[in-house]
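Below you'll find the structure, written out as structure tokens, and then a few comments.
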Amino acid sequence: MSRMENNKVTISVIKADVGGLCGHTLAPDELLEACEAVLEEAVDEIILDYYVTRCGDDIDLIMSHKLGCDNEKVHGLAWRAFEEATKVAKELKLYGAGQDLLADSFSGNVRGMGPGCAEMEFVERKSEPIVVFCCDKTDPTAFNYPLFKMFADPFNTAGLVFDPSMISGFKFEVHDVVGHKKVFLDTPEEMYMLLALIGDYEKYAIKRVYRRRDNEIAAVVSTEKLNYIAGEYVGKDDPVAIVRAQSGFPAVGEVLEPFANPHFVPGWMRGSHWGPLMPVGEEDATPTRFDGPARIIALGFQVCDGMLIGPNDLFADKGFDKAREKALEMADIIRRMGPFQPHRLPATMMEYTTVPKVLEALEDRFIPLEGLELIEEGGITRKDRGDVE
């Protein structure tokens, strides 16, 4: 009998930035080794299998187990791993040591404590391929565009037209990360309403995608916003995602296809700029130019009786060389704008950066415009009916 005994398996991807080697460029091997030592001790006690990787200065813990989502033991294990890595980071005087650990001690769940988390639970299919995405220098809304392409755009995913098990479409769970609420939208019927929301990178993020015909989980994203948790800028959220592929879900090639055409995402230097999301292999996930451009890696696994077979470093494929060239061209063009919009994020997305502190120094130096007065709606009105020069 298989070790799973027909039980559901849970895939948990939990990430944190606990220190970078030379700025924000890389989580060094010493930190990964510290995490691996903690996870190895928990095999067969808490988890079934694990893989530790990095994207830029973020450590990503990929774990399989049978304890379900939001399990205290699994989350506590990840927290301990990050704590041990933080100890090493402080010994090495790494930049930003422990920066994503926003609480002094673990309290049952990493959500709201700094680390990002994406988890899904399912019964293994006859063959269970999954793709784990890890990003650096961007935030959860970076997945809005590619997830829409994967699960709602037939020009990207031919299976939406040709696969009878997908033709009924997918359901999107969208989170208002500012208002702390969510909504479910069905595609293709509610596609336009979905786009009205997820095109807003400031407020709305896709959290999960479900197959409509049986409500089976298809994808999940970490949507934790560090700035709203900490109350100040402590780094970009650097999201992770899990996507199931094949046999009733988009094929692996359809899951990867959206990244063949790089799109602009918020983040990059100081979390304050728009820039391209560049797909790279694990070895190239070391953003240096202006702390970027933002990177994304894609690791393919086969889940076999709860074990993680792999990974296959999917974006290392030569087929994405042109995408990388495009991303660098996009970076060249938008970098010319320097501190000006549209390279610089709008003021509403800079609220938790250091910009407001800079502007505070000018507050007392502003004076009213002569002959004009502001009205509450943000427009202007004349003080009297006469002409004002």
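Cβ from N, Cα, C; glycine included.
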Same Mg(2+) 2 site per Swiss-Prot - residue from ASP200, ASP214, ASP237, ASP238 joining ASP57, ASP58, ASP136: ASP238
Same dihydroxyacetone phosphate site per Swiss-Prot - residue from ARG111, ARG270 joining HIS24, LYS137, ASP291: ARG270
HIS24 (Mg(2+) 1 binding site) versus ASP291 (beta-D-fructose 1,6-bisphosphate binding site) - Cα distance in angstrom: 7
Integer Å distance between the CA atoms belonging to ASP17 (active site, proton acceptor) and ASP58 (Mg(2+) 2 binding site): 4
